[in-house]
Amino acid sequence: MSKLQLTTYPAPILRKQAEPVKNVDGELIQTAEEMFTLMYENRGIGLAAPQAGISRRLLVIDLREDNQPVYIMINPQITKREGLVETEEGCLSLPEIFGDVKRAERVQVSFIDRDGESRILEAEGMLARAVQHEIDHLNGVLFIDRIGETRRQLLTPQLRALAEAFEGKNGNT
């Protein structure tokens, strides 16, 4: 069981730019491993540190079902985008909410890996989508910010219910 807790909408940390990681050390990698545990417990494929209540530019992705390696990305940055495709997305921080989001079909992302080495990844398909979604979290952007206005209005009751549950859980009633 993870020591971390999933952060859900409308927690303020989800709307803030995450702080860059300055040092890759054992503590950071332990945090990433805890993030994997939290992600698996919630049946996700990716998780950004703000979703675990941590304002750091750190994300994890596991798409082994698509024959991809497992990724720990530190200070990731998209350096190139190609194509455009619209696909339905969901998010662990917005449970039971889904919407069609247009994203680049292929991306190039630079990041630091778990060994402190600089890497460049060419990603496409589901991996490209997951990378973009998680990097959005590091920038305080949620997928609901990228869906059409009509769809967002239809989600208003669900978003209101999440906000009320969050306020009740955090004593802000």
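Glycine too: its Cβ is placed from the backbone N, Cα and C atoms.
Keep in mind the model is a prediction, meaning the values are calculated, not measured.
Here TrEMBL flags E134 as active site. When other Cβ atoms within 10 Å of the Cβ of E134 (active site) are tallied across all protein chains shown, the result is 24.
Among the features that TrEMBL reports, Fe cation binding site is placed at C91, H133, H137. Secondary structure at H137 (Fe cation binding site), as computed by DSSP, is helix. Other Cβ atoms within 10 Å of the Cβ of H137 (Fe cation binding site) number 25 in total over all chains.
The Cβ neighbour count for C91 (Fe cation binding site), using a 10 Å radius over every protein chain in view, is 24. Within 8 Å of the Cβ centroid of the Fe cation site, not counting the listed residues C91, H133, H137, the chain contributes G46, A48, Q51, E89, L92, S93, E134, D136, L142, F143. Secondary structure from DSSP puts C91 (Fe cation binding site) in a beta strand.
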